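According to TrEMBL, the L-glutamine binding site annotation covers Gly46, Glu47, Ser48, Arg104, Ile133, Arg134. If you look up TrEMBL, you'll see Cys78 marked as active site, nucleophile. For His169, Glu171, the entry in TrEMBL reads active site, charge relay system.
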Amino acid sequence: MKIGVLSFQGGVKEHMDHIKSLGTDAVEIKDCRQLDEIDGIILPGGESTTMGKLLEITKMMQPLREKILNGLPVWGTCAGMILLANSIEDSKSYLSVIDISVRRNAYGSQIDSFRDYALIPEVSDFKIPLVFIRAPFITHLGDNVKRLCTIRENVVAARHDNVLVTSFHPELTEDLKFHEYFLSMI
Ligand code: GLN
């Protein structure tokens, strides 16, 4: 099994390290020809507007969207979640592969970043640490989308079939449970 991490910018290395610590191959993805080599893909945190532009410039947007619609497991963290959402407040959407609406920078700016803990039964029997950095949250969840976690009354993790989204960054903690959960989707 090989996991790709979209590698234009953002938290690439941290995701690669977590996947490798679980004994699974990880590869940086910068070109759409690489999409045929992988069994799942992570869209990391960073800046969704920049990554969205780079998906267009590299002509990866449509091929990646088709792969996901055909079942390629995908996990978007933070900016990655924004790229996957069907709808973004005050902006056009990008890949539009999961029926959620999101609000960018929903908790405020960089200095409003915070850490919390939550029990997410699908993912772990214990509370796990959650790191939020200029994080979005989900303002609308489609009927077929499963809510995985709510923090401060907002939905911050969800899944529909092969598409997993989190507002937070498990790759910035020592905990591997979320990466294990993603691998179990494959
Ligand atoms: N605020 C960023 C955006 O809108 C996301 C921040 C992050 O990925 N940590 O894309």
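Even glycines carry a Cβ here, placed using N, Cα and C.
The subset of active-site residues (Cys78, His169, Glu171) lying with their Cα within 10 Å of the Cα of Glu47 (L-glutamine binding site) consists of Cys78, given in sequence order. Among the active-site residues listed here, namely Cys78, His169, Glu171, Cys78 has its C-alpha nearest to that of Arg134 (L-glutamine binding site). Among the listed recorded positions, namely Cys78, Ile133, the Cβ with the most fellow Cβ atoms inside 10 Å is that of Cys78. Proximity of the recorded positions Cys78, Ile133, Glu171 to ligand 1, judged by a Cβ distance under 6 angstroms to any of its atoms, singles out Cys78, Ile133 in sequence order. In the structure shown, the C-beta of His169 has more C-beta neighbours within 10 angstroms than that of any other entry among the recorded positions Arg104, Arg134, His169. Looking only at Cα atoms, Glu171 (active site, charge relay system) sits nearest to Cys78 among the recorded positions Ser48, Cys78, Arg104. Rounded to the nearest whole angstrom, the C-alpha distance between Arg104 (L-glutamine binding site) and Cys78 (active site, nucleophile) is 9. The local packing around Glu47 (L-glutamine binding site), expressed as other Cβ atoms within 10 Å of its Cβ over all shown chains, amounts to 17. Here the CA atom of His169 (active site, charge relay system) lies 7 Å from the CA atom of Cys78 (active site, nucleophile).
For Gly46 (L-glutamine binding site), applying a Cβ distance below 8 Å and a minimum sequence separation of six or more within one chain yields Phe8, Gln9, Gly10, Gly11, Cys78, Ala79, Gly80. Those residues of the chain, other than Gly46, Glu47, Ser48, Arg104, Ile133, Arg134, with a C-beta within 8 angstroms of the mean position of the L-glutamine site C-beta atoms are Gly10, Gly45, Cys78, Ala79, Ile82, Asn105, Ala135, Pro136.
Distance from the CA of Ile133 (L-glutamine binding site) to the CA of His169 (active site, charge relay system) is 8 Å.
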